[in-house]
Amino acid sequence: MAVCGRVRRMFRLSAALQLLLLVAAGVQNSHGQGQGLGVNFGPFAGQAGGGNPVGQQPPQLPQLSQQQQQQQPPPQQQQPFPAGGLPARRGGAGPGGTGGGWKLAEEESCREDVTRVCPKHTWSNNLAVLECLQDVREPENEISSDCNHLLWNYKLNLTTDPKFESVAREVCKSTISEIKECAEEPVGKGYMVSCLVDHRGNITEYQCHQYITKMTAIIFSDYRLICGFMDDCKNDINLLKCGSIRLGEKDAHSQGEVVSCLEKGLVKEAEEKEPKIQVSELCKKAILRVAELSSDDFHLDRHLYFACRDDRERFCENTQAGEGRVYKCLFNHKFEESMSEKCREALTTRQKLIAQDYKVSYSLAKSCKSDLKKYRCNVENLPRSREARLSYLLMCLESAVHRGRQVSSECQGEMLDYRRMLMEDFSLSPEIILSCRGEIEHHCSGLHRKGRTLHCLMKVVRGEKGSLGMNCQQALQTLIQETDPGADYRIDRALNEACESVIQTACKHIRSGDPMILSCLMEHLYTEKMVEDCEHRLLELQYFISRDWKLDPVLYRKCQGDASRLCHTHGWNETSELMPPGAVFSCLYRHAYRTEEQGRRLSRECRAEVQRILHQRAMDVKLDPALQDKCLIDLGKWCSEKTETGQELECLQDHLDDLAVECRDIVGNLTELESEDIQIEALLMRACEPIIHNFCHDVADNQIDSGDLMECLIQNKHQKDMNEKCAIGVTHFQLVQMKDFRFSYKFKMACKEDVLKLCPNIKKKVDVVICLSTTVRNDTLQEAKEHRVSLKCRKQLRVEELEMTEDIRLEPDLYEACKSDIKNYCSTVQYGNAQIIECLKENKKQLSTRCHQRVFKLQETEMMDPELDYTLMRVCKQMIKRFCPEADSKTMLQCLKQNKNSELMDPKCKQMITKRQITQNTDYRLNPVLRKACKADIPKFCHGILTKAKDDSELEGQVISCLKLRYADQRLSSDCEDQIRIITQESALDYRLDPQLQLHCSDEIANLCAEEAAAQEQTGQVEECLKVNLLKIRTELCKKEVLNMLKESKADIFVDPVLHTACALDIKHHCAAITPGRGRQMSCLMEALEDKRVRLQPECKKRLNDRIEMWSYAAKVAPADGFSDLAMQVMTSPSKNYILSVISGSICILFLIGLMCGRITKRVTRELKDR
């Protein structure tokens, strides 16, 4: 740019401005367009100053006073006034121009145009006429070329006379004294006014400011009047084809188009990687300086003024010009449907210039001037990149705000406006244009308004519409940091409009613009209050916020100290290769869950914020950068069909063993974290809110969870208030926990040392539980002095064992073995509440061998430790509290059996106890008490049965039947006899407790005793029915079982419930002193029956006689147990003579054969025998 005076400036106005001031001797009130500053000028050009006549060379704008005085007018037209100045005023016309001075309106070449275009009341004021003429653009009101030429020469002649400067010194006296730079300008050179224009923003004196503003408007009407502009941009104008600089080829208004064309060339260059045409550095500075000096009044941007004049009237009619207010108003309405396209384009160009130089925004430069200086965000600190200025300054000031520094409210307001502006229109960010052009054309064409393009690109980044290049993604991330919408959701217009209804309902308690609005929206994600459009926009923005911890202002404010101390982070707008933004949050959450022993923990406030972010990230895997990055392939491979909320993470957890190593580690770490703080699972917490409120509020209120909340949810999983979503979520987490014992936080913390010592290299939780529980059981059975498993681990191990019994899926080995059986026999049964396990038990005889074996093992474990029998514990929970509050877990079932027939016993519990008794009686191994009591008797009397037995299949009551027969013979040990008596008594009351009877007499029971078997309460009626119908039984095995029953009843009256009931009073009267057992009371009753002196109850007498007959019959048909029984049967048989004859004859025949056939062995000599 040419030197205008003794100091070279980035931009100077021509001397015309300074000399124009000379005619002003005061300020008067005028009318119409001249109102406000009533200075009446002599003959000079107006704002619309146009081209020169054809053939005239463009005037060389003066650089020195001598050049100004030597400037000659065009030769084609007579110069209306001398170069030295204006004609003498007629009639002493005052400065207002209302006297008899020279009138522009009276000149012949302009009279017709003034009369046609300008209101009559303005004719006497030259300034008003100039404003009127230069603001004309309609073709029908076009100014004649002669008038344009007059105006141009008028302005040009003014630039040649330096004597008018004194007037400006009078009008701006106090201002000049305040601005030292202007006061030091030499007098009479014309530089002082140019200096005042440079400092127009600092002028507070009203008259001076108005005067300088009006003069600036006049000069800005023609780029050729700007000092040095044409020298600096001449080549660029030709290169960019912005219009000829030859005289006469452009009309008055096209001179603003030249500047506009240069501006477009400047912004286009910034948007191309390899621009074909580059604007020279001098011209760039000139263009930006012109834009800066026109930043306060939109009249000074001639192209924008004419393009937006109608829109200004439509949208900003009541907005007063000055201080950039009209610009801002038009910016706010840029995307209105009724905004003209030419105005929108001009506004966009203006905004792009602001993006390159913040001073092009008057309001931003003025409001933030002191803050920029205070926080050293001045130009000297800027990077050299051409597009970084506005973004750098915004980030510099935002950094100060985030550090808690005080930035003026006016400046913050301006920052908010321009951040919103950048978010609304992607084209204002050169980096987006450069890096995302292909993606925009391919995915987001036609979405150019209200921030929709940026959100479209965000959607692509999230993987919902294709893929995005890394450069584009990085450009988007940078733009999000520059605009910082996390600090105020209103910056993102697309989000603001989409979520307005949600904010008004769900977040109305939070102040508008508060950063917590975004958190509130995240908390209501996937709820009834959330609308779909808001959900999409919110997740699109959160995708980027989650990748840079600084973009969450609340997190940054609460954690910047911890991040600096623990993660070695830098300032808000600084980055580090060693600790990239995405890695900082990972660092924070690793420290958030450290124990006090591990040290270096986060502050309480920061920890709460980290937990908040973790809760939000659990909503969507795409909000967890590390998870999405490492698991992208696995998500596509295993979870492509899992599109519902929260399903993707669950899917990854379900396929944990199949995932790639890096993805498995990430998912494993996240799951381990969830086990410590299940509130991270925000969707699960939302589903379980009623249960938490009613049953777990104490542990939920704890700031440190440590797995207590999940444990509480598991314990209350089957409460009536439990909803399906919560139950499914809790069960799923339990299933995930089975994959690795680390996923059970309390178990891990209680048993990690024991696992390392006793179960090394075991990973799966179920295997760890089996390993530890086996160790505990062995130590207990061997009565070891000291348990190898620590006490705290044993306690938590018990909790884990009990939890695993609730669902067959929590016991993977059993579940895998029985999958096909579940499908075949339990397809209609729901998982949970141990219902599938119970179903398998009921269908045990039909199960596959492998499943049957697993179920038998499970039952054996449950009988040894009834507390592990989930169904029994659930059904009999209240009865256990009533009858067995002090009972040990091992003796729980025994206690319940003893109280089974109590009147206070719950029928459902009684039914369940009976079920377990039936199970126990199928195999002695399922009855630990019997097994221990008969340890010596079983191998002694039932050895043959044991040799045929298999380890994992039932003996169907054979051993117990064997022991019952020995009980009748009174050959058992006392402990074993006591247990068999109890079993015999119970099975006498309920035939279902006798497996052998059920097995062999099922048809007879169905045919002969169907009514008795259908009775709800079994009191021995089926057994009595079989005894009565003994002669009708054809099946030998069934008959044998009934005979055995008769034999057992003879051993003890308690074993015959019908007889015992009938003879209860008689026993009390006649046999009270007799000790029960070994048939003693039965013998007493028999003696009483034979004694004529004793009168028994009729029912007792009848039953006794029936029993005697049955026993007599049984004795006849019962098979011999030994040789003595066999001899007795032969001697009492009616055919005994025949049997004895056959036996004797057989012996005689054998003797005769021996006599006749001789010896069988070979004869040898005596010598050989004696040897």
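Indices start at 1 and increase along the chain as displayed.
Cβ coordinates come from backbone N, Cα and C, glycine included.
Note that this is a predicted model, so its numbers are computed, not measured.
Look at Swiss-Prot and you will find N157, N202, N573, N669, N778 tagged as N-linked glycosylation site. The phosphoserine feature in Swiss-Prot is assigned to S953; the stated evidence is similarity to another entry. Annotation comment: Swiss-Prot describes 108-141 as repeat 'Cys-rich GLG1 1'. The repeat 'Cys-rich GLG1 5' annotation in Swiss-Prot covers 339-405. According to Swiss-Prot, the repeat 'Cys-rich GLG1 6' annotation covers 406-465. The feature repeat 'Cys-rich GLG1 7' is assigned by Swiss-Prot to 467-529. Feature annotation from Swiss-Prot assigns repeat 'Cys-rich GLG1 12' to 788-848.
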Exercise. Given the recorded positions N202, N669, S953, which one's Cα is the least distant from that of N778 (N-linked glycosylation site)?
Worked result: S953
Seminar exercise, completed: Its residues classified by DSSP, the repeat 'Cys-rich GLG1 6' (406-465) shows 43 helix, 0 strand, 17 coil
Seminar exercise, completed: Going by C-beta under 8 A and a gap of 6 or more residues, the same-chain neighbours of the residue listed as 'phosphoserine' are H852, Q853, F856
For this session: Taking only the Cα atoms, work out how far N202 (N-linked glycosylation site) lies from N669 (N-linked glycosylation site), in Å, as a whole number.
Result: 60
Exercise. For the glycosylation sites N202, N669, N778, which one has the sparsest Cβ surroundings, going by other Cβ atoms within 10 Å?
Worked result: N778
For this session: Mind tallying the repeat 'Cys-rich GLG1 12' (788-848) by DSSP state, helix then strand then coil?
Result: 41 helix, 0 strand, 20 coil
Problem set entry | pLDDT averaged over the residues of the repeat 'Cys-rich GLG1 1' (108-141) | 76
Seminar exercise, completed: Secondary structure of the repeat 'Cys-rich GLG1 7' (467-529) by DSSP, residue by residue, totals 39 helix, 0 strand, 24 coil
